[in-house]
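What follows is one structure encoded as structure tokens, with my remarks underneath.
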Amino acid sequence: MAFSIHQQRALAVIPKVTGNVSAFFSGLIIYTIVRNENRRSRTYHRLLFGISCCDVSASLWLALSTWPVPKSSGLLWAIGNDTSCNVQGFFTQFGIASSFYNASLSVYYVLVIRYGWKEHQLQKVEPLLHSFPLLWATISAIAGLIKGVFGAASLWCWVAAENKVFRWAAFYGPLWLMIGIVTVNTTLIYVHVRKIERAATRHHLFRDFSSTSPVPASSSAAAPSQELSSQPSTRKSLSSNFSLRLSFEAVRSSLNTTDNSAVTEARREDINLRRARLRTRSRYTREVAIQSFLYAGAFYLNWFALTITRLLQQVNGKVYFPLLLLAALTVPLQGLPNFLVYLLPRLKKLRTPQGRERIAHEIASRLSRLTSVGKEPGASSGHSEVVDFTPQSELFPEIEAIDALVEESDNQDSCEDLPTLIKDLETDINELEGKSSSPNRIEETA
């Protein structure tokens, strides 16, 4: 594994950049969650908080790169000793908690999307979703210290190459297990969402009925009756009682026609309203499922290169520079893709005209309060004493305005309401399936 000086510099510098970038964006997620009581109370955000805390720890220690490595290792810019190497190795191994947390997040999405769990149900299993990542990370890291397996490992201090069994038992084995769990859960979510979409398509839930009502069969009988009653009698043999009865039948038929038309139109309106609700719920379910897929994709991105690198090293004893360089780029960068996935639903809202208009109004309102803060209500301009009581957050009205819209978004599209939306969607589909097996059947019953 003899790399050139330029290759060694690249391997030493890239983690310093990507690690600090990752820590910054993971810190933004932590800040966004901690400062809002509504988010702190929800399982989804607490899981993201756990992931982000682990990412901050791992990214900062990986950003040190070769600095903690003992000088005797011969790695570029290695200025550490055995103690510093053990400390970095401990926290690098503790970073396995992030992959466990990603598996916990995928379990959360399965429980919410596929099984329709509500927030109070999720909170009962939430301790397990936190305890498994933290317990395994802590136990494996302490075991590494006790066994003395930490040493120089190409990019930073971690389990030395000669301790292959510990590497696979404590890190790569569990990592691949978590990748498998995430893959299975993602597949379950995909199959479930596709099932809902196929059911919606089968029942034409995305197509409204025409407002034009078909003429009921009774109208065809009413027409000749009305026509017959309106015509003058040409037969002198018709009695007056028969004429009165005929007129009564015509009037009753006309009333029945009007009632049937009204009922038909009311049923059409009801079906269209139900379909509009189903469209909204199906779209929201799909968006949440897509977010779960993106979190899984970010997880794969972080660990793919390093896993392949170590697998090839295990097979033929060689380390390929392009793969190792990619690992130096992606492994410390865990926080950035998670932040982008977390931010995506908010960005979608801000792209709408309504979102942009409300953001502009919120910024103007906060700027107005910022300029008027500290002025006493009855004081004149010449004697008013301006005291700056402005909160630190108010000094950034653009950020606060966007965050206000995000908070409103969290309140409206909370994970607590999602199971209800999904169950209502499936219930409505089953009801429509029970009432009719085809759109023609619906029109006939209407």
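Here the Cβ of each residue, glycine as well, is placed from N, Cα and C on the backbone.
Taken from TrEMBL as is:
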- 212-237: region 'Disordered' (REGION)
- 12-34: transmembrane segment (TRANSMEM)
- 46-70: transmembrane segment (TRANSMEM)
- 90-113: transmembrane segment (TRANSMEM)
- 134-161: transmembrane segment (TRANSMEM)
- 173-193: transmembrane segment (TRANSMEM)
- 288-308: transmembrane segment (TRANSMEM)
- 320-344: transmembrane segment (TRANSMEM)
The transmembrane segment (288-308) in contact with the transmembrane segment (90-113), cutoff 8 A, at least 3 CB pairs, sep 6+: yes
Interface check, the transmembrane segment (90-113) with the transmembrane segment (173-193), three or more C-beta pairs under 8 A: yes
Within-chain partners of the transmembrane segment (46-70) [C-beta distance under 8 Å, separation at least 6 from its ends]: 11-13, 15-16, 18-20, 22-23, 26-27, 29-30, 33-34, 40, 76-82, 84-85, 87-88, 91-92, 94-95, 97-98, 101-102, 104-105, 108, 126, 129-130, 133-134, 137, 152, 155-157, 331-335, 338, 342
